[in-house]
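Have a look at the structure below, then the notes.
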Amino acid sequence: MDPSIQKHFTVVDYVIFAVLLAASMGIGLYYALSGGRQRTTQEFLMADRSMRCLPVSLSLIASFQSAVAIIGVPAEIYTHGTQYWFIGCAYVLGLLIPAHVFIPVLYRLRLSSAYQYLELRFSKAVRICGTLTFIFQMVIYMGVCVYTPAFALNAVTGFELWGAVLATGLVCTVYTTMGGLKAVIWTDVFQTIVMFAGQLAVIVVGVHQTGGVSEVWRKVWEGNRISALDLNPDPTERHTFWTLAVGGVFLMLSLYGVNQAQVQRYLSARTEKEAVRSCYMVFPSLQLALALSCVMGLVMFARYCGEDPSDKLGTSSRDAMVIYFVMDMLQGLPGLPGLFVACLFSAALSTISSAFNSLATVTMEDLIKPHFPAMSEARATLLSKVLAMSYGLVCLAMAYLTHLMGDSVLQVALKIFGMVGGPILGLFCLGMFFPWANSVGAVTGLGTGLSVSFWIGIGSIISHSSGTKPLPPDCSSSFLSGNTTTVTQLSALSNVTLSFYSLSYMWYSAFNCFTVIVIGLIISFLTGPMKEQDVTPGTIYPLLGTLFGFLPARLKKKLCCVTPLGQTVFVIKVFHLEQHLHQPDKIFIAPFTISHKIITYVCKTNDILITLTCTLACW
């Protein structure tokens, strides 16, 4: 960029930025030296299942509100107007459904990894496929999260690009490795506060320097950045009400319903009620975060309408312009530029640390422990820490590849979640809502869903047909724009030949989810649907039983719509007990919990209560 307009940090800014990194490291060190000192996998990976709803809810926000959102959403609003704001409508169902469907099923099974559910419901092969897909998704996304703030900071301030990448990645790796999930959650709480403070500071100063609220409103209105409700049903339109409010629901479900980074936080809560309450508490905070990002984009437009700083920046990236705007507004106010950069890197740290911890959990629980059941607790904990550190190094490598992607960071991130998260969501929905789906159908459905999603996603990147041309940053733009529904668009819709490559990236999750479900059900029926008695109790949410409640009981039985949800009292006939209680035909009535096909239950023999474990295979 032009050195004459390059912005620079003061000593105070560097101090604030350093305090953020030091505080994050300090929290990790505290939890490494307090409590159980992360000596067990339950403490390191699951925070001893002792967290309350407030820190869990703030951690859920921080995991989603990454640097990608803090930079990407203002850039989207600046370039295309406020149509993206309608994604807030998707937050309602996107959080209610996980709270009342996914959390009850997963929490009552007492899992550590969400993908243990897939083995309980289907088979070990399905579990491994789900785990590998999640690992692939998060490794790519981590690269975007690390690279985004470093690139933007480098483009505007000249701050060393790979120095920022290394600082972010290494600090995050260290405190995640030392402090486990407790450190991750409590650093998320601290970083969420910093995020909100940084955005609010930029908005207040920006509005003041632009001439006040009325002047900002006048410019964004005349510049056509206040978008009307676009009800255009064309799925190839990049952003409309339907793509954001309906397609966004499936995106939210893939994030807050089945993504291990979020599920792990639900499972770390003390009780199921605390987990559900934390999901409810996320809603107002997410709406606030979205509003702050959108208002920031509007203030940025009001400040630069009539001029285009991209020539001076030496890049057309709107993501870099967000940092330029922040530094321009806050220049001369010592400490505030550092506060926003701390806000930006807080978002990056919170997301990446969540990814590290969740990746270590699924690798340990799904890929290693099943093959080494006799592994000691100390060795398992040490291996979990090594895994967290290893994923930190992989993250740095992925950051190097991220700059090859041409779209905005927001679009890249949501494409990743749609292309990979959508099929995973479909796999869980296939298991929870359709009792007759079998493991062959699940594997085939997931494979087909991933193949189709990459075909569409890579095709759209190559053809560059998924985006729209940015509106010029002019205060007097014509009112008719790509964000306005017109009769011409609606009448032309019938003549549009739907190209999969032109499908809006916001529909990726929904399209890929339904692909997995449809293919999975077809293959399940062709290969022999699963019978109700073969389905592990507690793994089915009785959705079909509720929807088809008007059917006769016998027909509902044939459709497997009556499998109950939750823990039940079962009559168990024990054929083998590891504790050498050789009473092969004794009947026990025992409440039990399930964890990766290991049943823990209480029985009474000789008037003594004994806790026993038994694999499903021995019944």
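Cβ atoms here come from the backbone N, Cα and C positions, even for glycine.
TrEMBL labels come from automatic prediction, so no person has curated them.
What TrEMBL lists as transmembrane segment is 12-33 (among others).
Under the heading transmembrane segment, TrEMBL lists 53-73 (among others).
The transmembrane segment annotation in TrEMBL covers 85-107 (among others).
Here TrEMBL flags 128-149 (among others) as transmembrane segment. With a threshold of 8 Å between CB atoms, the same-chain residues lying at least 6 positions outside the transmembrane segment (128-149) that come near it are 66-68, 71-72, 113, 115, 118, 164-165, 168-169, 259-261, 319, 341, 344-345, 347-348, 351-352, 355-356, 358-359, 362-363, 366-367, 391, 394-403, 405, 409, 412-413, 416-417, 420-421, 423-424, 427, 443, 446-447, 450.
The transmembrane segment annotation in TrEMBL covers 161-181 (among others).
Sequence annotations record features per position, and here TrEMBL assigns transmembrane segment to 193-211 (among others). For the transmembrane segment (193-211), same-chain residues at least 6 beyond its ends with a Cβ under 8 Å from one of its own Cβ atoms are 20, 62, 65, 70, 219, 288-289, 292-293, 295-296, 299-300, 302-303, 325-326, 329-330, 333, 336, 339-344, 346-347.
For 239-258 (among others), the entry in TrEMBL reads transmembrane segment. Panel annotation: around the transmembrane segment (239-258), residues 60, 64, 80, 83-84, 86-87, 89-91, 93-95, 97-98, 101-102, 114, 229-233, 279, 282, 414, 417-418, 421-422, 424-425, 428, 483, 485, 504, 506-510, 513 of the same chain, lying at least six beyond its termini, place a Cβ under 8 Å from a Cβ of the stretch.
The annotation transmembrane segment is assigned in TrEMBL to 279-302 (among others).
What TrEMBL lists as transmembrane segment is 339-362 (among others). Same-chain neighbours of the transmembrane segment (339-362): 9, 13, 16-17, 19-21, 24, 45-46, 59, 62-71, 112-115, 131, 134-135, 138-139, 141-142, 145-146, 148-149, 152-153, 164, 168-169, 171-173, 175-177, 180-181, 183-184, 187-188, 190-192, 194-199, 201-202, 259-261, 264, 323, 326, 330, 384-385, 387-388, 391-392, 395, counting only residues six or more beyond its ends whose CB sits under 8 Å from a CB of the stretch.
Counting only same-chain residues 6+ beyond the ends of the transmembrane segment (382-401), those with a CB under 8 A from a CB of the stretch are 38, 41, 44-45, 139-140, 142-143, 146-147, 150, 165-166, 169-170, 172-173, 176-177, 352, 355-357, 359-361, 363-364, 368, 375. Residues annotated as transmembrane segment in TrEMBL: 382-401 (among others).
The transmembrane segment annotation in TrEMBL covers 413-433 (among others). If you look at the transmembrane segment (413-433), the same-chain residues 6 or more away from its ends with a CB under 8 A from one of its CBs are 66, 68, 72, 101-102, 105, 114, 117-118, 121-122, 126, 130, 133-134, 136-137, 140-141, 144-145, 250-251, 253-255, 257-259, 407, 441-442, 445-446, 449-450, 453-454, 456-457, 460, 505-517, 520-521, 539-541, 543-544.
Under 8 Å from some Cβ of the transmembrane segment (505-526) lie the Cβ atoms of residues 235, 238-239, 243-244, 246-251, 253-254, 411, 414-415, 417-419, 421-423, 425-427, 429-430, 434, 436-438, 440-442, 444-446, 448-450, 452-453, 456-457, 460, 466, all in the same chain and six or more residues away from its ends. Look at TrEMBL and you will find 505-526 (among others) tagged as transmembrane segment.
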- Message: With contact taken as 3 or more Cβ pairs under 8 angstroms (pairs 6 or more apart in sequence), are the transmembrane segment (12-33) and the transmembrane segment (161-181) in contact?
- Response: yes
- Query: So what's near the transmembrane segment (279-302) in sequence-distant terms, Cβ-Cβ under 8 Å and 6+ beyond its ends?
  - Reply: 53-54, 57-58, 60-61, 64-65, 69-70, 73-78, 82, 84-85, 87-88, 91-92, 95, 98-99, 103, 192, 195-196, 199-200, 202-203, 206-207, 210, 215-216, 219-220, 223, 225, 256, 266, 321-322, 325, 473
- Task: For the transmembrane segment (161-181), find every same-chain residue at least 6 residues outside the stretch whose CB is under 8 Å from a CB in it, and list them.
- Result: 21, 24-25, 27-32, 38, 43-47, 146-147, 149-151, 153-154, 187, 264, 268, 345, 348-349, 352-353, 356-357, 385, 388-389, 392-393, 395-396, 399
- Query: Taking residues 6+ outside the transmembrane segment (85-107), which of them lie with a CB under 8 Å of any CB in it?
  - Reply: 77, 114, 117, 227, 229, 239, 241, 244-249, 251-253, 255-258, 262-263, 266-267, 269, 272, 275-276, 279-280, 282-283, 286-287, 290-291, 294, 428, 432, 538-539, 541, 543, 565-566
